[in-house]
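S.K.: Just passing along the structure, written as structure tokens.
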Amino acid sequence: MDKHQKFDQSLFQRVDINVLKRSDQLIGKPTTNFVEIMKRLFQNKWAILFFLLIVLIILLAIIVPLASPYSAVTPVSNNALAQNLPPRYLWNGAGDIQVEKITARSIAEVAQSSGVLVGKLPEASSNPLATNVKYNIAPYQLAELKNYYPLLGTNGLGVDIWTLLWASMAKSLWIAIVVALVSMVFGTIYGAIAGSFVGRAADNIMSRIIEIIDLVPSILWIIVLGATFRFGGVKQFDDSVVIFTLIFVFWTWPAATTRIYILKNKDTEYIQAARTLGAKQIRIIFVHMLPVVTGRLAVVFVSLIPAVIGYEASLVFLGLKPATEVGLGALLNQVTSSGNIALITSSIVSFAILTVSTRVFANALNDAIDPRVIRR
């Protein structure tokens, strides 16, 4: 090019280098992988919605049983007329709500003597104590119920449904979280050890143990182990037996997940560098390998919660756990034999919301972590 040739300045534009938004000029602490995952997760509107639902359920399960003036096991009144009460709100007077009942005449006479009978008591038959009669009552005119405002009414035992619902949710969530935490800790350590010794006898034996446990149906393991480790000769499982059997069933899930992702990352450059520098195997496992699979394990943990609750509830239907205890299983068992609409609706809807919320949030968390999804 001729040194005397001049450039056409109109083809160029002056810029200030200080205002260029170049990443190589930015000074500051780089964002961590955790922060990036959280950003991607909460860009998903559905993830935010279902996460808030999970938080709301947990808060209600903690607060309602503590704040409620009513018990989750004791009836609000010993009067038989307090059973299967309809919901009542502040704008309803004591006589505004009427209930049609079909019971023995003896109970109808109690309603009449209590002053809550609406209309005339039906005529007696030849055997009045054994004959069912239809009549209407205004139950909230009872002295002990005049100041009672149940959001969902009472069940067939006279227990406040709102309190029972959230006490049952709290009990089932507590069992699920304990089982999930213990399963995660034991399964993660087990899977990390197996994955780091791949190709050796230790990995072969440990992998076969996982396969044997997974080969047998989970409910069969629960029945056999529960029958073996029952305490005091009782016919049904208590909470400690339920927790033990569920941990035995579910620990293989995080163990298998950890082993798979350890195998995928065991030959990466930073692991090889750690070995070259003389790092011990236990340090490589717990300092260098496990942090890589933390995100995947978070997905497994969230997914374990509804799975554990589902199995715990199924034990009541199988007759292996008392139906009189507080818990979602016992609550859903009441639904099968009850015509109480409030009890049926609240039980099914709350269980469905919890199950769907945890599964959708687990899927959203998996999408935020999975690099194959991120690159799409």
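Every residue, even glycine, has its Cβ placed from backbone N, Cα and C.
Note that the structure is a prediction, hence the values are computed from the model and not measured.
Pulled the feature table from Swiss-Prot, pasting it below:
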- 169-362: domain 'ABC transmembrane type-1' (DOMAIN)
- 46-66: transmembrane segment (TRANSMEM)
- 149-169: transmembrane segment (TRANSMEM)
- 173-193: transmembrane segment (TRANSMEM)
- 209-229: transmembrane segment (TRANSMEM)
- 242-262: transmembrane segment (TRANSMEM)
- 297-317: transmembrane segment (TRANSMEM)
- 341-361: transmembrane segment (TRANSMEM)
S.K.: In terms of Cβ proximity under 8 Å, which residues at least six beyond the ends of the transmembrane segment (173-193) contact it?
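M.R.: Same-chain contacts beyond the ends: 57-58, 61, 202, 206, 239, 242-243, 246-247, 250-259, 262, 285-286, 289-290, 293, 297, 300-301, 304-306, 308-309, 312, 327.
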S.K.: Establish whether the number of Cβ pairs under 8 Å between the transmembrane segment (341-361) and the transmembrane segment (242-262) reaches at least three, counting only pairs separated by 6 or more residues.
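M.R.: No, these stretches are not in contact.
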